[in-house]
Amino acid sequence: MDSREIKSPEALPLAETPAAASLDGNSDSFRRKKLGIHFIESDDRRTAFGGGYTGGTTPVDIHGKPITDLSKTGGWIAAFFIFGNEMAERMAYFGLSVNMVVFMFYVMHRPFSSSANAVNNFLGISQASSVLGGFLADAYLGRYWTIAIFSTIYLAGLTGITLCASMKILVPNQDHCDQISLLLGNCEAAKPWQMVYLYAALYVTGFGAAGIRPCVSSFGADQFDETSRDYKSHLDRFFNLFYLSVTIGAIVAFTAVVYVQMEHGWGAAFGSLATAMGLSNMVFFLGTPLYRHRLPGGSPLTRVAQVLLAAFRKRNASFLSNSTELVGLYELPGKRSAVKGSRKIDHTNDFRCLDKAALQLKEDGDGDHPSPWRLCTVTQVEEVKILLKLIPIPACTIMLSLILTEFLTLSVQQAYTMNTHMGNLKLPVTCMPVFPGLSIFLILSLYYSIFVPLSRRITGHPHGASQLQRVGIGLAISILSVAWSGMFERYRRNYAIEQGYEASFLSPMPNLSAYWLLIQYCLIGIAEVFCIVGLLEFLYEEAPDAMRSIGSAYAAVAGGLGCFAATLLNSIIKSVTGNADQRRPSWLSQNINTGRFDYFYWLLTVMSVINFCAFLYAAHRYQYRAKQEIQMMPSPGPGLVSEKHPLSK
């Protein structure tokens, strides 16, 4: 026998389906499209049906029984019940992200910088722990029950925060604590047990969000029929409307909740968030008969561990076909998959070292049920490859999350020094972050009528831009946002010094309008809608069928890491640029007029440019995976034998 290396099989049953069209690099289905001179990627995917995208399992009802009449379930009606849950969760999330910093400063008497860092850590943990929610949904509970359980936990956390703001025993004494005393640090500090209670309630809320965030977008997308010719169009519109619901929740948090706080106090403000979450939970449960469900596919982390261990055990095995010990690559025969809740995935030549997990040697035997810790199927190996290939894309969005986190605190500090009057109306400073939400709302409203037709002429893409192109556009606009922020902050600081406001950093300058901040707010809002919506759609479609919640969790983890990175960057900047002995304030001094926020914004600009270059490289190398229409099975049954993948010629 000739010495030939095993590569992608050419004679599998998959190749006989329309889904497995030619893999020739010159094929029209893999023709690369170009945006400018750097954005090169392939977006035409092989499909079994003329216009549909395939993947996932047969929809089942809440009892796990197949749904025979899809017309009575799912669709847009079911999706709107899910939108309500996400809207309330985002309302609470953004309401806490802005108001909690102010609450800790004015009520709990914590320094502004430590309050901001505490909230950043809360935001980071609530997003980074989304992997846990995604794991539970994909492995055991399913998306519906994961959302139901963690929404209840979320409500419990919000209730605890409401009690903290409503009961005097849970906050320090507020007597004789005016603004001067706050600035001088003379107010009575919160007792340790009071802070422990607040942090416990805050992190219970974050834990609840960790189970909702990775599941709700995927569960909403599950409501659409993958075999429909309009599936891609519905999915595209779903993710835009999904993020529109996120935006509406943010707008309500930055306006109505702030108004309630000013008029009725902190207890009423946080209580309104808990009430909204409770009502949304009721709406979500009311939609239960309409939902389409996907059976959980077993522990994805176990399957990943099996692939890694099996590949490690066979690390010295050879791919050469003249090896006397080699049988072939292991896969179940026919079109059914060994992974519950997943279709078969065709073999690829990426990460060849992992292929050894599916390399069947004579010592593995020909039994019907080989140990998955020694021999994995090709589909199981390809799941791990896909998870690895996806990582660079969400990793490049960590920088955007870092910028968004910094904007929540830095821009509020800027607004405190400026005139927030709009005619006779004085807008509260904590309402300023509403403007990114308004810009997102405007962009999503005009997306299909203006952006799609214009961009279609440039890119030739039927939807205006592919998912990765939208992510790239968002990252590019975020660079403009922080660059403008640096230029304007330099002007604002110089103006404050010239007008004698250097020491009065909480006194608004009447002749400098805070609405100059709208430019950076609107730019970052546009960046967010392009980047995050494109990323969510990208991860849902590209993730393995039985790991879609894990795939969606990638976006939340990137957001969480951005929050942690913001806290770490702030600490580094303060320690490097400030010197108390020399009375040199840091760039991020609490007195914004003696600090150098402009330098910090320029540092973010440089970091964003480097990150954008890394994204261009990752997007150029990434090729969308092909999806095959393969018969599903709940689990491998007895009598199935291995299918030996032939050697390439």
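Each Cβ is built from the backbone N, Cα and C atoms, and glycine gets one as well.
Unlike curated entries, TrEMBL annotations are predicted automatically.
Of the given residue ranges 122-143, 144-165, TrEMBL assigns the label transmembrane segment to 144-165.
In terms of C-beta pairs under 8 Å, the stretch of 471-488, 514-540, 599-619 lying closest in packing to the transmembrane segment (552-573) is 514-540. Counted over residue pairs 6 or more apart, the CB atoms of the transmembrane segment (266-286) and the transmembrane segment (514-540) come under 8 Å in fewer than three pairs, which marks the two as apart. Through the fold, the transmembrane segment (91-108) approaches residues 115-116, 118-119, 122-123, 126, 154, 158, 161, 165, 171-172, 174, 182, 190, 194-195, 198, 202, 205, 209, 249-250, 252-254, 257-258, 261, 266, 269-270, 273-274, 276-277, 408-409, 412, 430, 433 of its own chain, all at least 6 residues removed from its boundaries and within a Cβ separation under 8 Å.
Cβ atoms under 8 Å from those of the transmembrane segment (514-540) belong to residues 217-218, 221, 235-236, 239-240, 242-243, 247, 390, 393-394, 397, 400, 403-404, 407, 411, 414-415, 418-420, 422, 427, 429, 432-433, 435-440, 443-444, 465, 467-471, 473-478, 480-482, 484-485, 488, 492, 508, 548, 551-552, 554-555, 558 of the same chain, restricted to positions at least 6 beyond its ends. Within the chain, the transmembrane segment (432-450) has long-range Cβ neighbours (under 8 A, six or more residues past its boundaries) at 94, 98, 237, 240-241, 243-244, 247-248, 250-251, 254-255, 407-408, 411-412, 415, 420, 514, 517-518, 521-522, 524-526, 528-530. Among residues of the same chain six or more beyond the transmembrane segment (471-488), those with a C-beta under 8 A of the stretch's C-beta atoms are 35, 39, 393, 396-397, 399-400, 403, 407, 411, 465, 516-517, 519-520, 523-524, 526-532, 534-535, 538, 598-599, 601-602, 604-605, 608-609, 611-612, 615-616, 619.
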